[in-house]
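Visitor: Below you'll find the structure I mean.
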Amino acid sequence: MYDLRTWRHVFKLDPNKEIDDLSLEKICESGTDCIMIGGTDGVTLENVLNLMARVRRYPVPCALEISNIDSISPGFDLYFIPTVLNSQDPNWIIGHHHQAIKEYGHFIDWKEMVVEGYCILNENSKVAKLTGAKTDLSLDDIEAYAVMAEKMLRLPVFYLEYSGTYGDPEVVQCVKEQLEESVLFYGGGITTAELAREVITHADVIVVGNVIYDNLQEALKTVKAAKEL
Ligand SMILES: CC(C)=CCC/C(C)=C/CC/C(C)=C/CC/C(C)=C/CC/C(C)=C/CC/C(C)=C/CC/C(C)=C/COP(=O)(O)OP(=O)(O)O
Ligand SMILES: O=P(O)(O)OC[C@@H](O)CO
Ligand SMILES: [Mg+2]
């Protein structure tokens, strides 16, 4: 249905943050490949539905990145299901997923689900704290998670997550070299077109989040930067 291998850029909108109509219009009409709705905390069915309804006015694909069971709603084009490979708590690897499938398995259209193998690398991020991610990893450790995601688990997406801080482009390049099939998502600290341009030379898809709320003009420039490569 959607070929992630053709994507370069995703805007991640946090349902727990305010965005005015004009800013949302600019984001949705920016030429990004997808609007992903998701966040770590304060994600409720109400704020997810509200944001989905507003994004739905535009033709851009709209995806939900599932962070908790209670805020899952029908009506999205795609659902991204994170599994945090470097979490030290099995609930964030398979536990919540097991519970969701046990309760709602018969509703799931697996063609719409994209499982993302997360490797979280910013120890100070909310998501690292929430999931108990082991972030003091060597390059060998990170590469092994990438190979595990692709070869062992056959996940469509491997997600290098530096949420809130810009990561190391060399790490991104080394991880990219490990992957043949899984699409490499990079997210974290992309605050300028220049950083977008740098990291898209290593990752397949860049995910841009916080700068939408901090500096909309710069956020919009990351789309062209990602696509001009
Ligand atoms: C369509 C329909 C109604 C279907 C129903 C059937 C159904 C329930 C399908 C789902 C099946 C399934 C397997 C669900 C998984 C359930 C679940 C809760 C899994 C856990 C996911 C997980 C590991 C979450 C942890 C947090 C995480 C990785 C969130 C992703 C977003 C993220 C990294 C945000 C970063 O945070 P950010 O907002 O940038 O932080 P700041 O606020 O600091 O900026
Ligand atoms: O908010 P930023 O730091 O841009 O990170 C984007 C995304 O990877 C968060 O899940
Ligand atoms: Mg954020």
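Our numbering is plain: 1 for the first residue shown, then up by one each step along the chain.
The backbone N, Cα and C atoms fix where each Cβ goes, glycine too.
Curation plays no part in TrEMBL annotations; they are all automatic predictions.
Below are the features I grabbed from TrEMBL:
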{"type": "BINDING", "residues": "LYS12, TYR159, LEU160, GLU161, TYR162, SER163, GLY164, GLY189, GLY209, ASN210", "note": "sn-glycerol 1-phosphate binding site"}
{"type": "BINDING", "residues": "ASP14, THR40", "note": "Mg(2+) binding site"}
Visitor: Counting other Cβ atoms within 10 Å, pick out the least crowded of the binding-site residues LYS12, ASP14, LEU160, TYR162, GLY164.
Guide: GLY164
Visitor: Considering only the binding-site residues LYS12, LEU160, TYR162, GLY164, which possess a Cβ situated under 6 angstroms from at least one atom of ligand 1?
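Guide: Result: GLY164.
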Visitor: Under a threshold of 6 Å between Cβ and any atom of ligand 2, which of the binding-site residues LYS12, ASP14, THR40, LEU160, TYR162, GLY209 are retained?
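Guide: Among LYS12, ASP14, THR40, LEU160, TYR162, GLY209, near ligand 2: LYS12, GLY209.
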Visitor: Look up LYS12 (sn-glycerol 1-phosphate binding site) in the DSSP assignment and reduce it to helix, strand or coil.
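Guide: DSSP call for LYS12 (sn-glycerol 1-phosphate binding site): strand.
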Visitor: When you tally the Cβ atoms that lie within 10 Å of each candidate's Cβ, which of the binding-site residues (THR40, GLY209) has the highest tally?
Guide: GLY209
Visitor: Give the distance between the Cα atoms of GLY209 (sn-glycerol 1-phosphate binding site) and THR40 (Mg(2+) binding site), rounded to the nearest whole Å.
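Guide: Counting only the Cα atoms, the answer is 12 Å.
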Visitor: Ligand 3: which of the binding-site residues ASP14, THR40, GLY209 have a Cβ closer than 6 angstroms to it?
Guide: ASP14, GLY209
Visitor: Cα-Cα separation of GLY164 (sn-glycerol 1-phosphate binding site) and THR40 (Mg(2+) binding site), in Å?
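Guide: With the alpha carbons as reference points, the distance is 12 Å.
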